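In what follows, a structure is listed as structure tokens, so that the remarks can point back to it.
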Amino acid sequence: MTPFNLPRFYKSISLTTSLLSNFKLSHRRCFDIKRYASTSAISSENSTQNVDPADLLRLQRLRNIGISAHIDSGKTTLTERVLYYTGRIKSIHEVRGKDGEGAKMDSMELERERGITIQSAATYCNWNWKDHGEYNINIIDTPGHVDFTIEVERALRVLDGAVLVLCGVSGVQSQTITVDRQMRRYNVPRISFINKLDRIGANPFNVIEQIRQKLKITAAAVQIPIGLEDDLKGVIDLIKWKAVYNEGSRGEKVIEKEIPDDLINLATSKKQELIENLADVDDQIAEIFLMEETPTKEQLMDAVRRATIANKFTPVLMGSAYKNTGVQRVLDAVCAFLPNPSEVHNTALDINRKEARVDLIPYSKNHFVGLAFKLEEGKYGQLTYIRVYQGALKKGSFITNSKTSKKVKVPRLVRMHSNEMEDVDEVGAGEICAVFGVECSSGDTFTDGALSYTMTSMFVPDPVISLSITPNVKDSPNFSKALNKFQREDPTFRVSFDLESKETIISGMGELHLDIYVERMKREYNVDCITGKPQVAFRETIMSTAKFDYTHKKQTGGAGQYGKVMGYIEPLKEVTDEDEEPLPAFESRVVGGHIPTNFIPAVEKGFQDGLEKGSLIGHPIKNVRFILEDGAHHAVDSSELAFRLAALYAFREAFMKANPVILEPIMNVSITAPIEFQGAVIGNLNKRKGTILDTEIQEDHFVVTAEVSLNSMFGYSSDLRSATQGKGEFTMEYKTHQPVLPYVQEELINEYKKKKLTEKK
């Protein structure tokens, strides 16, 4: 952005270009499923007929937010301070439970032992924003570890805004990028909080630049720190133009003073930067900027709110949750800049009108519509978390599951405060609550029976790792009970039974993910288990087209089996662009009645049977398209079974002729370690056939990003610890499946053949 002291002519050109690009961006965004609009935008004739002024005021003072970040950025510590300053808890306890208590939101014993968040936890609080009144805030604290990414996914699906926490030293890390992608998927606006500015090496302005470069979103500081590291004393509010200090034993007193003289120049420069960045994304500030005027405090506040809700901008706040600095200003920013439920455009699908999109209006007098987004098995039965999108949910009322059309009574309605519950009689539109005694699945939609609406569910990634699990005591009833419960709770946790090895196989998002469930089985269900070696979720596919012409004929006396299928299989391109329509995996081009239409579904079932187990190493097959062109049938001997078997054997035969390959999961690995160990870390990655994508050198440490096959990553945590004297850490996230190297494919096939021979003996 051009400085103020240049001629207006150059500024006009610069801003005109910027405004044009913003117009194109907003034009593309208008097709998003979930959009943000001002309160007036939903005040149509349809939406205002049931408006109660008291209900509208309640909505305007309600915020539903999530706190998300990379692991160990201080999310739970921040939430603990928020609960303390809002009066929800009487004392502060730290993560890892060093004082025997542990943070309020880490209620699970495993969370307190390991110092990580495993399950998202919900709570609510009231915040008295100075000169603006009291606001109600529903908060969900989410895990930072990639293995528990489904918890972040389903939280962001139902939230209206988020606080993205970043470490003042490490900045944007691998899971930060994942969380950013999830926020964009559900169009969730965010404010950013740079935490841990008391740590050595903290550099908040470097982190802001990383937000712009790595997350590709316009960002600017609305605060700057007063001192850093051990000298962190407070923050300067660039909009209110005041220095803000936290005093008292726990930082509970917020004191505003004049800005120190030695920071006036830096504050002026950063405020100018804020105005310039806002002019890029907000027309009103751009107009003031062109007129060479200085925006008022109110104009800046309104512009930050508009740009944040439109997902064009993220205001950046600063502080240290552990040192009780700057947390109250985060609560002020949540109330000031994040949307209330009436400013969020949510839609549902009307089943009675061929799933036409309909707007959900968040007023309590409308018909009830809610989404069950999380399940937990508690001591009182299944606990179902529900986001109320429209209407009100009352204790004792009847609600209808849109998927099953089953009508159920709500026997108990509660608000959650971590693992504690507070009974309520009614919950209004826009709120988050939980109910007991309602059997359903995660992602089910509930209505009051007057509407036939269903809502789109959250994105669920596929598992990338599996291992066999066997209870020490056979025929233990708690074993299957635990597995069923965990599957209901977590859509990324899968259980299957291998018919060949006669073993139970559990699958998940990583070693830690499965390790936690094995440990929970021992603690919560008293079931000790033996686990096998982790197995990679290989896949098989083809690289070329192959024709098939197969006749299935079997005569056993009486009516036999006859079915002939002709066609070809080809590689199916994986769709990466959300706007692109994927090709169907099965297509019938049969004409002339050579195969009766009632047998075509049986052919497709045979093809689906073939995809379940590949011929190379017995893993599922993906990205294959089956085109049925012709065939033949017999008036007496043809049947659904005959054509199903014909398609299965035809597919297997063609598969081996279509240049089949084995695909392995490739992980995006991010390693952080002290700079003196850089050579050892990169050497170890090369040994594991990793592809290094980026290396970033910071003051005393480095961050390397690489792509490595999951099969090569087993045991890496031990190697990294020994190579860095226990000072290195890494995270990994599934990226894609890619073909294995030819010699690896040969090894895997030989190993599979040996296993089959052993089983036969």
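Cβ from N, Cα, C; glycine included.
Look at TrEMBL and you will find 69-76, 141-145, 195-198 tagged as GTP binding site. Here TrEMBL flags 60-342 as domain 'Tr-type G'.
Sorting the binding-site residues Lys75, His145 by the number of other Cβ atoms within 10 Å puts Lys75 first.
Looking only at other Cβ atoms within 10 Å, the busiest spot among the binding-site residues Ala69, Leu197 turns out to be Ala69. The number of other CB atoms found within 10 A of the CB of Asp72 (GTP binding site), across every protein chain shown, is 20. In the predicted model, the domain 'Tr-type G' (60-342) has a mean pLDDT of 85. A sphere of 10 angstroms centred on the C-beta of Thr142 (GTP binding site) encloses 28 other C-beta atoms.
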